[in-house]
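Sequence annotations record features per position, and here TrEMBL assigns domain 'ABC transmembrane type-1' to A:45-224, A:296-486. Taken from TrEMBL, the feature transmembrane segment applies to A:48-71, A:83-103, A:109-127, A:162-184, A:204-223, A:251-280, A:292-320, A:341-360, A:366-385, A:414-435, A:464-486.
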Amino acid sequence: MLLVPAVFAALVSLLPIVYLVVRAAEGGLGVVAETLWRARTLELAVRSLGLAAVVTLLCVVIGVSLAWLVVRTDLPGRRVFGVLAALPLAVPSYVAAYTWVAALPDLSGFWGSVMVLTLVSYPYVYLPAAAALARLDPAMEEVALSLGRGRMSVVLRQLRPSVAAGGLLVAMYVLAEFGAVAIMRFDVFTTQIYTSYRAGFDRTPAAVLGLLLVVVTSAIVVAEARSRGRASYATRGAPARRRRVVALRPAARVAGLAWSTSVAVAAVGFPFAAICYWLLDGASAELRPAELFSAFGATLSMSAAGALVSTALAVPVGVIAARHRGRTASFLEQSTYVGHALPGIVIALSLVFFGVRYAYPLYQRWPMLVLAYAVLFLPAAVGAVRASVLQAPPVVEEVARSLGRGPLAVMREVTLPLALPGVLAGGALVFLTAMKELPATLLLRPTGMETLATRLWTETGSGAYGAAAPYAALLMLVAAVPGFVLGHRSTREDA
Amino acid sequence: MSVRRLIAAAIIPLALLATACGGGEPAAAPTSSEDPEKFEDASLVIYSGRNENLVGPLIDKLKTATGLDVQVRYGDSAELAAQILEEGERTRADLFFSQDAGALGALSKAGVLAPLPQPLLDRVPEKYRSADGTWIGVSGRARVIVYDPRTVQDPPKSVFDLTDPKYKDKVGWAPTNASFQSFVTALRLVSGEDKARKWLEDMKANGTQTFSNNGNILNAVDEGKVSAGLINHYYWYEKVAEKGEAGVPSKLSFPAEGDPGALVNVAGVSVLKASKHGAAAQKAAEFMLGTEAQKYFADETKEYPLVEGVATAPGLPALDSIKGPDLDLSKLDSLEQTLTLLKEVGLV
Amino acid sequence: MRLKVDGVSKEFGGTRVLAGASLSVADGELAAVLGPSGCGKTTLLRIVAGFESADAGTVAIGGVDVTGLPPERRRIGIVPQEAALFPHLTVARNVAFGLPRGGRRDERVAECLNLVGLSGYGERMPHELSGGQQQRVALARALAPRPGVVLLDEPFNALDRSLRVSVREDVRDALKKADATAVLVTHDQEEAMSMADTVAVMREGLIVQKGDPASVYAAPHDLGVATFVGEAVVLDASAERGVASCALGSLPLRSGGGGGRGRVAVRPEQFVVTPPEAGVAGLVERVEFFGHDAALTVALDNGVVIRARTRGDVPHRPGDRVGVGVEGPVLFFEL
């Protein structure tokens, strides 16, 4: 029953690959080989992987440490820090990169990219880590302590699946990222893809490189799936116990406060302050409320629709991924990751390709843009659905079956209500990510539609930073709402 | 409790979606409230690779002057060109307004552009339009060397000066920028492949700093981070117009006669072969080469008007005083070879 | 027969879990499937419920073959190990879950809650209940739609020992009052013996013996069943004409006819402690006192160690010399 929509979701996700294969094949084997064997290709691939590895590692360190401090200690103000920890999600990477470069012009290259990308993407690790810590059975921690093992040994082991899933999103995000690294003047793999399109008007090498990126990312996805292993993380139906909190010693408390504060200042305080400065600095620039409002409306409506479609497509895939093992289930789940692995322009061009040929009446209409958002951000939604369905014990579903409900009724009346908070959280994540999306929005929006992100692009593109500020500020404020909800959720007692 | 809050967080945007898509907000969703076919028939669609802030007012003038219903899709020139190529026969674009000759050349090569009428082409000097008549320049921009008079006493007069050891680590360029690549193409065509390669390699060896665009290079010179850079002239004039001469410490040097660094490139327009509004698109192209539009380029974007008889902005050296390389701009579409060269040197 | 399982087999990844198991449960009967962990009893239950499909064999409920039917069409009730109440629904809505909409729904919910002694708990949420209460709600939920068979999967495992006995009684009473046919799966022989009308002993994927608790205890099918359903001292013996000779002397056999070499099984309550000279002599090793009775571990002089049940006011201390005799016939199993 679920298989049909799940296969549909997977097929939609795989469209970009079909497109890339078509375009790569046009050039013939010669161009493919020539593109692949170019020394620069290898060098950039290594740079991209290095960047992804370092950023992912740092995100894990920041995300897990903040999650532990917020969920498991008596850190003063931990609920506030919990909310702040999720708010970098509201900061578009290109805005973060730009504000940092504007303030510290020497910050560039590898470490500049590492810093900016880490600060904007660690919430992808923080959120699942906080959720996993919240449901971790304190008894296990106590057993570990009683056996003379550190508390952290068991905590880390239990966190592994959630952290691995979050780390995967970070790694893929970094591999596909272009805007921030371009501002940091650090050439990576995606630079090569963009250059191919932008300067070469040449779609074949771009397609070959895109496929290579898919291969690399698939390897990472498969590795993550292996790390998840065969262990079952489904919860039993036992009533939850109240979470226990570690009392920090004074020195640890100071260190914890300093750490949480510095992350919050760098990741949230700084970009927001910089935008405020732009706002004041550019106060002379005329504010056009009508344009601001219509961009605001377009952003909200498109992102909300994207979140809705993404979540709807994610539910069957996520449920299958949570409830079934085997090749089909993992193939379905992993195929949805393609969108996250490719730069926005590739996704956009592939939808141009298919839209013009097979869905012409929808082409350059809003459904096409919404579909692009769904393809781009499906993995975040699938991950959220999978994790929250795992929270609903299978035995409860079986009981519902025995009480006369068919599989779909069970899904509707039991599984989804139980998974709902997690599914909605996934939707909120897609919602705020879609708000910040630029490359696909530029190519696929209806002619004449402007979102906050495209306005921001227009204004900064002509150097009008004062005029760009209201759009950046509004974008970050709106994105902060779901960010706030997600962060707040992470600090809940029964999260 | 928080489930309810999450539901609320999901419902509010949905409600907004309903209002935005229900036709209540035409700017956001112009298509749903109208019959799509009618919409297609009624409007002239321009794909503009030029920034809305630069040409938006000009489009308004176009609407007023011609009475056409114009829809503009703003984007990056090359990305829009890629989009047009993907769209093929079914492109929604009628007119393509490109930031540079390169994207126009690529489309021309792909055979998706319709020829323009000769009288229109004749308004512009031959060197600023395509040889086959598929695109025409509407405004020109000169490549210049921006330098910092605080550290550079005698201004560089040629791009070849910049390989001098005194500029070690002190020059900025933007190898991924289309204008820069057009200049390298000119360099190749004028000085020959070997000399072009040697210049690129020497520049690289001299520690030339890579930037993502002209604006950043200019800012870096003004901030004293580098001493000189390769940019287009109007970035400097615009910045001066915005911040005043005192706010812009850098100065411009127009390279000497015949130097490939003195290339004048153009922004141009072309009509799509697949356009169903060929006549309207041509009308729009004609407007771009009319006095009103040409004056707009001169006064507002500080570019060079290309039609004779329209005065350049005060302060700008006259267009024909810039003795660029003797070069047919149509040949700038050999960007492929330039890219190969840039790739081989390891710059892109 | 209310439930009839016939020759059901099941393999998981090449491991045979059920090897043609058969089981019949009569109307209104409470049957316990008793077996050690890994014997296949839970798989059997899941096949009856329809959560797993059998490789071979059939399942019939109320005379209808349900082998190919999905769980929702089998009219069964399930009480799982950890209650598994729907955490997002109130107690009343949990119980009402399997009832058709409208009609006399509320009435039936009240009736079932009353049946399990939880009247007035309807508006509580599951996490506000104790483990025992949750288990009783799970039973009410299973009983509410008047299922053909109620399946209980080790339902008392998660409960504290002290709670277990009382919940057990409540569950049995409720099942009986509801006149339900039920299958209880358990590895706890005490639970099976005390609750069930019939006990089916399961081993290595097969039901090896089925009967009322007393007869299974008294006349086990083989030595394995004998030691699984109750404690026993097992001794090598040779039998002839209804008498077995073993380390405890010559003992009468419960079932005559057997002969040759084999083993006898003596239940702890069959032992009588006598003065040393009146029985097989030995030394008291340990005295376990339970209040109502006691257990005495005696190392006999011939090397055999036995554990005997005696009255609570046992006068012996470790180190005392005593004699041990056997009352009544013993179980004999040929080798």
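Every residue gets a Cβ built from N, Cα and C, even glycine.
Same-chain neighbours of the transmembrane segment (A:109-127): 47, 50-51, 54-55, 58-60, 62-64, 66-67, 85-89, 91-93, 96-97, 100-101, 163, 166-167, 169-170, 173-174, 177, 180-181, 184-186, 188, 263, 266-267, 425, 429, 483, 486, 490, counting only residues six or more beyond its ends whose CB sits under 8 Å from a CB of the stretch. Remark: the transmembrane segment (A:204-223) contacts the transmembrane segment (A:341-360), by the rule of 3 or more CB pairs under 8 A. Ranked by number of Cβ pairs under 8 Å to the transmembrane segment (A:251-280), the listed stretches A:83-103, A:162-184, A:292-320 are led by A:83-103. Long-range contacts of the transmembrane segment (A:414-435) within the same chain: residues 89-90, 127, 131, 299-300, 302-304, 306-308, 310-311, 314-315, 318-319, 373, 376-377, 380-385, 387-389, 391-392, 396-397, 400, 405, 451-453, 475, 478-479, 482-483, 485-486, 489, each at least 6 residues beyond the stretch ends and with a Cβ under 8 Å from a Cβ of the stretch.
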